[in-house]
Each structure stands twice: as structure tokens, then as C-alpha cells.
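Asks: One structure is given below, represented as C-alpha cells, and several questions about it will come after.
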Amino acid sequence: MSSKPSGEELHDHHDHHHHHHHHASGNIRTAFFLNLGFTVVEIVGGILTGSTAILADAVHDLGDSIALGQAWYFEKISDASSSSRYSYGYKRFSLLGALISTVVLLTSSLFVLSRAIPRIFEPHHPDAGGMIILAIAGVAVNGLAMAKLSKERGMNARVVALHLLEDVLGWVTVLVVAVILLFWDVPVLDPILAILITLYILGGVIKNLRAMIPVFLQAVPDEQDLDAITREIEELQHIHAVHHAHIWSLDGVHTVFTAHLEVATMLDAESYMQLKERIRTLVERHGLYHSTVEVEYPGEACRNTLAGSH
């Protein structure tokens with residue numbers, strides 16, 4: 001028995017949202033190329049100006065470029081149906097993208113820290129004029145990309161727009177520091193800002209890792225209570241016991257529930273359909289995206305061989 005609480009609703013609205021969906025994908029694509037192109041400029045500019053703060057912001061923008069690329073890709077395939085190879089569809093692909101993004105950001109951040117920390121003790125005078133030009137360009141490019149996405153209604157585009165807002169604020173900070181360096185001899189501000197930006201990035205990386213690892217390990221999501229759901233099912237009429245119950249997340253958003261239900265007596269067709277509807281209502285109430293249960297009749301041997309199942 002299978003249940004998809006929101007499947008029909010999403011299917012009904014697919015055609016209605018097709019034009020908006022395509023428009024959102026186009027805006028994310030534009031923001032991606034803007035951000036990626038400017039990230040290259042930042043890296044070159046950071047090297048030429050000798051500014052570790054610029055390099056740190058380049059790493060931040062590189063992370064957002066990867067996020068934008070993933071968002072664009074997943075916006076395109078989010079409506080793709082499952083296939084014989086990817087039977088759950090493509091939602092779990094986002095985990096792979098998040099892992100790649102995490103590795104890139106972690107490596108890049110450690111590189112920036114290795115450049116910035118020594119400059120705390122041996123300050124280097126960056127090119128403040130060049131930093132100002134890059135900072136103004138950074139505000140403009142990220143602001144333009146953010147403006148394109150902030151009008152979209154889709155959650156994907158809105159989340160990316162918030163990331164770009166962070167970039168704009170980061171560049172405003174770089175601009176302020178660059179102006180200070182232009183008039184006052186305090187070069188240590190550059191590596192201090194670089195370290196602060198990098199620590200902010202690493203904080204996000206650690207947060208993402210903590211969210212990803214339980215999903216990879218197919219842990220029960222924090223918002224779900226497997227024991228409580230099992231007890232609720234066991235309280236339904238005709239249910240004798242529930243075992244081999246599992247809840248896990250496809251991608252951190254869409255949750256899957258599977259279980260074996262042992263019924264107390266043989267059921268006629270009408271009783272079976274009523275039981276099926278009660279279970280469907282129950283899993284919908286708990287926000288489970290997809291559920292599959294196997295009904296076992298009295299005296300039927302359970303054939304599940306998963307180690308550790310209960």
C-alpha cells in the first residue's frame with residue numbers, strides 16, 4: 001500500500017506553474033553566470049591587490065556560485081519523474097551537490113586562513129584603491145543578481161536571493177574597510193576581515209555537515225517520532241502489531257515511511273480499504289511524503305532480513 005500526500009495536488013498545478021517555473025529557472029541561470037564570472041574576477045583581483053579579504057569574499061562567492069549552479073540544475077529537473085534507475089526521482093541529488101559544495105568551501109577556506117593568519121603578525125599593505133573598485137563592482141553584481149531573484153515566488157529562488165543579500169552586505173563591509181585603509185595606515189584590518197569572513201563560511205559548512213550526515217545515514221528526521229507513529233498505527237482497529245518500521249529522508253525535506261503491519265484477523269475487501277484510508281490519513285497528518293506498508297495476516301511469517309530491524 002502506498003500513499004503520497006501531496007502528489008496529486010502537485011500534479012494538478014504543474015501546467016499552471018509551468019511558465020513561472022521556466023522564468024524562475026532563467027533568472028537563477030542569469031544569477032549563476034553573473035556570480036561565477038565575478039568570482040573569477042575576484043580571485044584575480046584579490047591576487048593583484050594583495051587583499052586576503054577580497055580572496056575570502058571570492059571563496060564566499062564561489063560557494064554561492066556552486067549553490068546557484070545546483071539551484072539552476074535542480075530547478076530544471078525538479079519536476080522530472082522517476083525512472084527505472086532512479087526510482088525515487090532526483091530529489092536526493094541535492095545531497096551530492098551539497099557535499100561537493102561543502103568540500104570546495106572547506107578547502108578554499110583553509111587556503112584563505114593559511115594566507116590571512118600570517119598577515120596578522122606581518123601586515124601587508126593591500127591596494128586599497130583596487131579593493132574599492134572591486135567592492136563597488138561586488139555590490140553591483142550581487143545586487144543585480146539578487147534583484148532578479150527577489151521577485152520570484154519559488155522557495156528555491158528566494159533562498160538563493162537571501163544568500164546573495166549576504167554577499168552584498170559582505171562587499172559593503174569590504175568597501176568600508178578599503179576606504180579606511182585608503183586614509184589610515186592599519187593594514188591589519190584586511191587579514192582580520194578575511195578571517196572573520198572565512199569563519200562565517202566555516203560556520204555554515206559545519207552547520208550543513210551536521211544536517212547532511214544524518215540524512216546520508218538514513219536517520220529518523222528530528223521532526224518525526226517513529227515510536228509515536230508506530231503506537232498510533234497499533235491503536236487502529238484490526239492492527240495487532242507494527243514492526244520493521246522505518247522513517248528516513250530523501251533529501252532533508254521529503255520523508256519516507258515503511259512498515260510491516262500485522263493484522264489481528266483476516267480482512268474482507270471493505271475492511272481492508274477502510275484500514276488503508278485510516279493509515280493514509282495518519283501519515284498525511286505527520287507530513288510523510290511517501291509511505292509503503294506491507295500487511296501480514298495471522299500466522300504469516302515475516303520475511304524481512306534486514307539486520308537491526310525491529
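Note: Cβ is positioned from N, Cα and C throughout, glycine not excepted.
Any TrEMBL annotation is an automated prediction that lacks curation.
What TrEMBL lists as compositional bias 'Basic and acidic residues' is 1-13. Annotation comment: TrEMBL describes 1-22 as region 'Disordered'. Taken from TrEMBL, the feature domain 'Cation efflux protein transmembrane' covers 30-210. What TrEMBL lists as transmembrane segment is 93-117, 129-147, 168-186, 192-209. As annotated by TrEMBL, domain 'Cation efflux protein cytoplasmic' applies to 221-296.
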Asks: So which residues does the transmembrane segment (192-209) touch in its own chain, when a touch means Cβ under 8 Å and the partner is 6 or more beyond its ends?
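Replies: Counting only partners 6 or more residues beyond its ends, the transmembrane segment (192-209) has Cβ contacts under 8 Å with 51-53, 55-57, 59-60, 63, 98, 101-102, 105-106, 109, 112-113, 115-117, 120, 170, 173-174, 177.
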Asks: For the domain 'Cation efflux protein cytoplasmic' (221-296), give the DSSP counts of helix residues, strand residues and coil residues.
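Replies: Reading the DSSP string over the domain 'Cation efflux protein cytoplasmic' (221-296) gives 26 helix, 27 strand, 23 coil.
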Asks: Taking every residue in the domain 'Cation efflux protein cytoplasmic' (221-296), what is their average pLDDT?
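Replies: Across the residues of the domain 'Cation efflux protein cytoplasmic' (221-296) the model's pLDDT averages 87 on the 0 to 100 scale.
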